[in-house]
Amino acid sequence: MAFPIPARQLFIDGEWREPIKKNRIPVINPSTEEIIGDIPAATAEDVEVAVVAARRAFRRNNWSATSGAHRATYLRAIAAKITEKKDHFVKLETIDSGKPFDEAVLDIDDVASCFEYFAGQAEALDGKQKAPVTLPMERFKSHVLRQPLGVVGLISPWNYPLLMATWKIAPALAAGCTAVLKPSELASVTCLEFGEVCNEVGLPPGVLNILTGLGPDAGAPLVSHPDVDKIAFTGSSATGSKVMASAAQLVKPVTLELGGKSPIVVFEDVDIDKVVEWTIFGCFWTNGQICSATSRLLVHESIAAEFVDKLVKWTKNIKISDPFEEGCRLGPVISKGQYDKIMKFISTAKSEGATILYGGSRPEHLKKGYYIEPTIVTDISTSMQIWKEEVFGPVLCVKTFSSEDEAIALANDTEYGLAAAVFSNDLERCERITKALEVGAVWVNCSQPCFVQAPWGGIKRSGFGRELGEWGIQNYLNIKQVTQDISDEPWGWYKSP
């Protein structure tokens with residue numbers, strides 16, 4: 001489907017500005033491999049201009065020093081404007097990222113919902129200011145202020161381009177911070193378009209600045225900038241480590257939402273067809289490009305044969321097509337680089353002795369685009385690369401277990417700790433498994449539902465900190481203790497001269 005990509009510049013201080021070095025990055029439609037436009041390529045010089053604008057906006061009295069209720073009016077206006085322009089954003093997200101149109105619809109709905117939710121959090125912040133602290137000495141009284149951290153750098157990924165940027169923008173702005181957003185260069189179009197929304201609702205200049213560009217050229221200078229007070233990053237564990245190391249030089253706080261290799265544990269007492277659908281959804285949703293993808297299937301040995309047989313039948317029924325086609329449930333992966341990486345994972349699995357039970361190739365009916373069949377890999381050992389490393393593509397590996405203890409051990413056999421799913425009709429067993437799983441989120445009898453009201457984040461090498469919910473806004477607040485002596489009496493520690 002042909003759809004024009006708007007020609008945009010960098011969004012700095014409420015204006016569209018050409019990059020200082022005037023470079024551009026081509027936008028490639030992953031469904032066709034065709035160049036459909038370009039985006040500006042920011043460098044360290046542009047980062048400097050954007051950070052100065054954000055700091056100036058933070059020091060003005062029309063944002064950070066205002067009430068949460070005042071900021072909430074802007075967040076609600078943004079939510080309304082996103083809803084008004086929903087069709088435009090959905091089309092751009094689909095053509096830029098390759099995700100199925102129906103998924104992009106849900107994403108953009110969630111963008112609006114996220115701004116609406118954090119508008120409420122901004123208002124709630126007003127009621128929490130000057131919260132009293134009970135002290136053991138009557139001559140003192142104490143309270144707590146919740147104040148914005150300052151200028152924050154937000155680095156977002158390409159799998160949910162505008163939505164995961166929103167997970168950072170909305171709470172940061174609700175808290176009263178000003179921000180510089182650096183989205184992934186692989187899918188930046190909707191994030192740039194968001195700058196136009198900011199202007200349309202009258203967001204004060206400099207409150208949000210949007211820089212597209214390559215990680216080393218724009219992301220790294222943002223992380224290391226001495227006038228950026230915090231970094232919130234979503235991306236790979238390897239890049240997250242670099243972000244953390246760079247920020248550490250300035251003792252700069254970071255929140256990191258990184259990779260995963262999440263397990264899905266299926267016990268013998270389940271409705272197999274129901275769980276099979278959740279299994280393919282948990283791994284193949286968003287074209288398999290989900291940090292929380294439950295890509296390690298652990299199924300009880302007593303039902304494994306029947307389960308895997310139905311798994312293949314359901315997987316064969318997935319419609320793989322141009323993302324704009326009605327009923328599309330699997331589109332292309334994001335780029336040629338990602339395509340090659342996934343195919344290398346599959347070939348390595350074969351060479352290590354695994355069986356590609358289904359898929360593993362380009363769909364025969366799609367000659368162009370970065371399409372990969374949904375792939376099921378069996379005969380897995382825990383030493384294999386496919387078991388240990390994040391693929392970030394539509395690849396599911398399958399292993400059996402015989403006992404609850406074995407299931408827990410296999411599920412936790414990973415350096416990651418983002419999410420996990422457990423399926424059983426025995427809810428007491430589900431509760432035991434939930435407590436034992438070393439992750440930040442557990443789905444019981446489902447996989448992947450995510451709500452703005454609930455916290456999101458991982459442990460181990462999946463990062464730290466929590467986005468969304470009431471925890472999301474806390475990432476962007478400084479908690480300040482204020483203690484006052486209310487006695488007329490002298491302190492009396494030293495002898496009076």
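Even glycines carry a Cβ here, placed using N, Cα and C.
For Arg8, the entry in Swiss-Prot reads blocked amino end (Arg). The Cβ of Arg8 (blocked amino end (Arg)) has 20 other Cβ atoms within 10 Å, all protein chains considered.
Residues or ranges marked as K(+) 1 binding site by Swiss-Prot on the basis of experimental evidence: Ile28, Asp96, Leu186. According to DSSP, Ile28 (K(+) 1 binding site) sits within a strand segment.
Residues near Trp158 (NAD(+) binding site) in space but far in sequence (CB under 8 A, at least 6 apart, same chain), listed by position: Ser97, Pro183, Ser184, Leu186, Ala187, Ile334. Per Swiss-Prot, the feature NAD(+) binding site maps to Ser156, Pro157, Trp158, Lys182, Pro183, Ser184, Glu185, Ser236, Ser237, Ala238, Thr239, Leu258, Glu390, Trp456.
A coil conformation is recorded for Asn159 (site 'Transition state stabilizer') in the three-state DSSP classification, outside any helix or strand. The C-beta environment of Asn159 (site 'Transition state stabilizer'), restricted to residues of the same chain at least 6 apart in sequence and closer than 8 Å, consists of Ser97, Lys99, Ala187, Thr286, Gln289, Ile290, Cys291, Ile334, Phe392. The site 'Transition state stabilizer' annotation in Swiss-Prot covers Asn159 and is backed by similarity to another entry.
Its Cβ placed at the centre, Lys460 (K(+) 2 binding site) has 18 other Cβ atoms within 10 Å. Under the DSSP three-state reduction, Lys460 (K(+) 2 binding site) is assigned to strand. The feature K(+) 2 binding site is assigned by Swiss-Prot to Val251, Lys460, with experimental evidence given as support.
In sequence order, Phe233, Thr234, Cys291, Leu418, Trp456, Gly457, Gly458, Ser462, Gly463, Gly465, Glu467 make up the list of same-chain residues 6 or more apart from Glu257 (active site, proton acceptor) whose Cβ falls under 8 Å from its Cβ. Taken from Swiss-Prot, the feature active site, proton acceptor applies to Glu257, supported by sequence analysis.
Taken from Swiss-Prot, the feature active site, nucleophile covers Cys291.
Per-site Cβ counts within 10 Å over the recorded positions Ile28, Leu186, Val251, Cys291 peak at Cys291. Cα to Cα, Asp96 (K(+) 1 binding site) and Glu185 (NAD(+) binding site) are separated by 11 Å.
For the pair Thr239 (NAD(+) binding site) and Ile28 (K(+) 1 binding site), the Cα-Cα distance reads 23 Å. The Cβ neighbour count for Glu185 (NAD(+) binding site), using a 10 Å radius over every protein chain in view, is 21. On a Cα basis, Arg8 (blocked amino end (Arg)) lies 34 Å away from Glu390 (NAD(+) binding site).
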